[in-house]
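Trainee: So TrEMBL lists the following for this protein:
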DOMAIN    B:91-303  domain 'ABC transmembrane type-1'
REGION    B:1-25  region 'Disordered'
TRANSMEM  B:33-61  transmembrane segment
TRANSMEM  B:95-116  transmembrane segment
TRANSMEM  B:128-149  transmembrane segment
TRANSMEM  B:169-189  transmembrane segment
TRANSMEM  B:229-247  transmembrane segment
TRANSMEM  B:283-303  transmembrane segment
Amino acid sequence: MARRTTTLPMRDRIGSITSGTLAWIYAALLIVPFYYFIVSSFKDNEQIFESPLSLPTTWDLSNFVTAIDQADLWLAIANSVLTTLAALVLTLVLALPASFALARARGRAGKVVEGVFALGFLIPSFAALFPTFLLAAALGLFHTRTFVVFLLPATALPLSIVILTSFMRTIPRELEEAASMDGATSLQVLRQVYLPICIPGIATVLLLNFLSFWNAYLYPLILIGPDTAQRTIQVALPTLKVDAGTDYGVLMAGTLFTLLPVYLVYTVLQRQMQRALLSGAVKG
Amino acid sequence: MTALVDAGAPAATRNPPPGTPARTRRRTLRERFPGLALPALVWYAVFMIGPVVAMFVIAFLSWPGMLATPTFAGFDNFATVFSDETFWAATRNSAVQIVVGLPIMIVLAFLLAFYVVQKPRGHRVLRYLLFIPALISAPATAMVFYAMLNPDGLVNGVLRPLGFDGTAWLADPTTALGAIIAVELWSGIGYSAVLIASRLDGVDTEIVSAARIDGADDWRIAWRMYWPIARDFIGVVTMLQFLSMLFNSAQNVLLLTQGGPGTSTTTLAYLIYQKAFVEADLGYSQAVGVILFVIGLLGMGAIRRVLRATH
């Protein structure tokens, strides 16, 4: 880079300086809020207002204790874990056989079914939040986690099926034919031939859906409601914001607490997570 | 798995010939209709397609609250919607959000992606950072911005020593919508940039260095070479962000301003939410839902037309 700037004309130097400056300004805009809210979670309102960017004087965890206590965050985390895990399992149970069938189908029907799932990318499910709410009521599952566990997989099916089907298409048909000659049923072929090969695809789908299920907000808000015994972490967090006199330290401590699980997963599985996020949109 | 494949050959010879036609018939049926896709299809129809169809039905009903009995209303809801000031305010806000926010987001994301794929010093750190917004939930993002934008928050804390008077960004009608758009840009630029970079990574570097030798500068290489190559893909990313701005803005608005002050941050998506769950005017809400659905399709068509592959 340094070598290039010395040999190139003025206009180029300006060009690359601008895009570089731009990039690092944006990077700063990504980091500063993080720094701000992490240090704020150890301060009280007065310190936050007086000296927003200074390091806290004490690393005192009382804001975390208050946040957890005030919004029942442990319970909310437990609810989120439960909802997310159940929805992840259900998504795979539905998407794996479907992708398997679509990858092997050769007729028109297969194409049509695939098209129906692909259309799902266009459905603005948010606009239909109210009918979804009616559906929950009709099933007798209103204000329960159970309904959200049923609903979230449906929102994730189009993308999961597109990704898994494209993985399963790479498996040679001969492998399957050999297995079914041995008398293996479809489900046995799926489990013993297809699944082991599809592990990377399954990992991608799991990570993508983990993010979207864990971070879901409006659906749980409307469908599970304010009941502390049922609500998820995303619904619990904003309750720390009060119209008159929010304790910002507590709010930021709660936010930090909410982000920890996602960061834990991101740090451990950084590469896989990045690949998942990329394939999520490329396929879409 | 190996055992299965190995066992395949002897099994074929052991099987009596009469079994073969039955199996063939079964397989053709299986291949004609992907039966194992049925559970997923049903699930998807009940939980996704069903509510959308219901939205179209409810839009033609007069339904002034959960406990009231709905009656057929024809186009009354649409007439009410189109003569309502709030609807037009929401349309204006959504239009500003899309027309101002979307091009800024995509152009900046493209320039960032272009910078990152040149592999300057620190590009790995940049790529790591750019993913951050994609990981954070809407409530967490909103809470951080709520703290930064409040009258005593970080933004004013930084501006005051510089001699600027801050404002209550989220409560001031002149800045509230801008603040919402800023939050969306903050979270949208990084992810879009990462996506576009993944496409630009595939560009043949030899053509680029040949162009450099011919004296093309960065600006020209970015817009004359990378942009046309990635154009169709940028179109996909633009559609993604368009839909997300159009529909998901309801979350940010709900978390930060509840549409106010007045109607200055009421977007169409938030209006649907507000009419259904705050004011219980269900027919009105779903009529706006139908309008938003149509706007979504028209917008996607327009983006496709503008950013269609040209080569």
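Cβ from N, Cα, C; glycine included.
TrEMBL: automatically predicted annotations, no manual curation.
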Trainee: Near the transmembrane segment (B:33-61), which same-chain residues lie under 8 Å Cβ to Cβ, leaving out any that are not at least 6 residues past its ends?
Mentor: 70-75, 77-78, 282-283, 286-287, 289-290, 293
Trainee: Could you pull out which residues elsewhere in the chain have a CB under 8 Å from any CB of the transmembrane segment (B:283-303), counting only those six or more residues past its ends?
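Mentor: For the transmembrane segment (B:283-303), the sequence-distant neighbours (Cβ-Cβ under 8 Å, at least 6 residues beyond its ends) are 52, 55-56, 58-64, 70, 73, 76-78, 80-81, 84, 87, 90, 94, 98, 235, 238-239, 242-243, 246-247, 268-269, 271-276.
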Trainee: Within the same chain, where does the transmembrane segment (B:229-247) have neighbours whose Cβ lies under 8 angstroms from its own Cβ atoms, ignoring anything closer than 6 residues to its ends? I mean 6 or more beyond.
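Mentor: 94, 97-98, 101-102, 105-106, 109-110, 184, 188, 192, 195-196, 199-200, 203, 268-269, 292, 295-296, 299-300, 303-304, 306-311.
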